Amino acid sequence: MGHFMSIRVLTGITTSGTPHLGNYVGAIRPAIRAAGAPGTESFYFLADLHSLIKVQDPERTQRSTLEIAATWLACGLDPEKVWLYRQSDVPEITELMWLLTCVAGKGILNRAHAYKAVVDKNRSEGGDDDAGITAGLFMYPVLMAADILLFNAHQVPVGRDQIQHIEMARDFAQRFNHIYGGEYFVLPEAAIDEQVATLPGLDGRKMSKSYGNTMPLFCTREELKKYVFSIVTDSRAPGEPKEAVGSAVFQLYQAFAGVEECSMFAQALAEGLGWGEAKVRLFERIDAEVAPLRERYEDFMRRPADIEAMLCDSAGRLRERDAIPLLARLREAVGLRSLSLCMASAVPVPQEKVALPVLKQYREQDGRFYFKLIDGQGAVLVQSRGFASPRDAGQWIALFKQAVSAEALVSPMLEPVADPVVVLAALRRLREAG
């Protein structure tokens with residue numbers, strides 16, 4: 001997975017509900033096909049904190065998170081090539097949310113579509129504007145902005161109904177950058193896929209849980225067959241020509257078959273293929289693609305501990321690489337700093353000029369690359385462990401120089417630090433020296 005030099009693409013995954021074929025064709029399959037594209041670093045997170053706005057059943061929350069993680073892994077998302085993590089495993093997200101809350105305008109949040117929709121519904125029913133509205137629903141756009149800005153995502157694939165949230169994230173980022181005088185955040189862009197496929201449901205309308213017309217992605221082969229055979233069709237009998245265009249059976253077939261197969265299927269319908277036989281062909285075509293995914297899904301569901309370990313490992317590495325260093329910079333920017341350092345700078349004491357600390361990068365006989373922080377008298381304050389390349393060491397040095405808390409000095413890549421206060425003071429001098 002790349003770092004800094006790639007375009008960062010971040011995708012949030014809802015962790016409530018059971019995935020259906022419409023989710024698979026319209027969101028899961030295209031997202032996985034796009035994952036790991038050259039020059040792209042892909043981030044996928046399970047939005048379990050967001051789910052708490054609507055779901056307050058602990059068992060359901062836990063189960064849904066497992067099912068959704070297993071679904072994406074079964075469908076081919078490779079955690080060796082992309083970042084897959086659970087939102088609640090990255091506490092810096094909620095800390096950043098608070099920092100953004102302190103610069104977000106309430107007027108902007110008042111205009112959020114989800115919030116306004118509930119207010120309008122309450123008014124139409126003659127109720128209080130805020131009846132049934134939690135602070136979580138109202139603050140949802142700020143949490144979404146924190147999801148995006150913590151990893152400085154360049155692009156966020158969303159539907160048109162979500163563009164407003166990306167615009168809000170840009171607004172919060174610009175406000176923070178302006179108030180605190182730095183380029184702390186990249187301004188994200190909404191990536192709109194105009195070709196998003198929508199599948200018809202069992203009744204011919206768009207497949208949607210709200211219509212109750214969905215086909216679960218991982219139902220059994222027998223259940224899938226029953227769903228397919230319950231698709232509503234017209235009354236034309238076998239032998240009568242049938243229009244492929246507008247037919248739910250044909251539209252579903254198109255989502256799982258190639259151009260040539262679809263052409264042959266349309267021709268067969270025009271020549272009088274019966275709906276019963278057409279549904280048999282549709283069922284076999286869908287099952288041919290879904291069956292191996294179903295098998296992988298069932299395997300993952302039998303190994304929840306493996307999924308847990310993978311999610312925790314991914315979140316831990318992302319926190320160390322991106323989240324903790326950025327929050328250290330933001331804490332420094334807003335003034336959440338060590339008071340001991342504040343006292344040192346607030347009460348200047350005349351003293352002899354002392355040489356600046358220095359960071360030295362070098363190569364050892366083992367072929368690995370190291371760095372150390374040395375104070376003005378030549379004493380080693382911090383010693384790194386070995387890196388595979390000078391580029392890796394250099395990137396880590398850049399992050400290390402921004403450390404403003406003792407927690408940031410605790411890392412597998414650093415030898416234990418004896419005196420964090422002295423080290424933080426030395427790093428502060430380096431930053432002030434420019």
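Don't overthink the numbers, they just go from 1 along the chain as shown.
The backbone N, Cα and C atoms fix where each Cβ goes, glycine too.
According to Swiss-Prot, the feature motif ''HIGH' region' maps to residues 15-23, out of the candidate ranges 15-23, 123-131. Range annotated as motif ''KMSKS' region' by Swiss-Prot, chosen from 91-95, 201-205, 206-210, 316-320: 206-210.
When the Cα positions of T14, T15, S16, G22, N23, G159, R160, D161, L199, K206, M207, S208, K209, S210 are compared pair by pair, the longest gap among these ATP-binding residues is 21 Å. Residue density at K209 (ATP binding site): 14 other Cβ atoms are found within 10 A of its Cβ, drawing on all protein chains shown.
Counting other CB atoms no more than 10 Å from each candidate's CB, the binding-site residues T14, N23 peak at N23. The 10 Å shell around the Cβ of R160 (ATP binding site) contains 10 further Cβ atoms across the protein chains shown. Within the motif ''HIGH' region' (15-23), the DSSP-based counts of helix, strand and coil residues read 3 helix, 1 strand, 5 coil. The C-beta environment of L199 (ATP binding site), restricted to residues of the same chain at least 6 apart in sequence and closer than 8 Å, consists of L21, G22, V25, G26, K206, M207, Q251, L252, A255.
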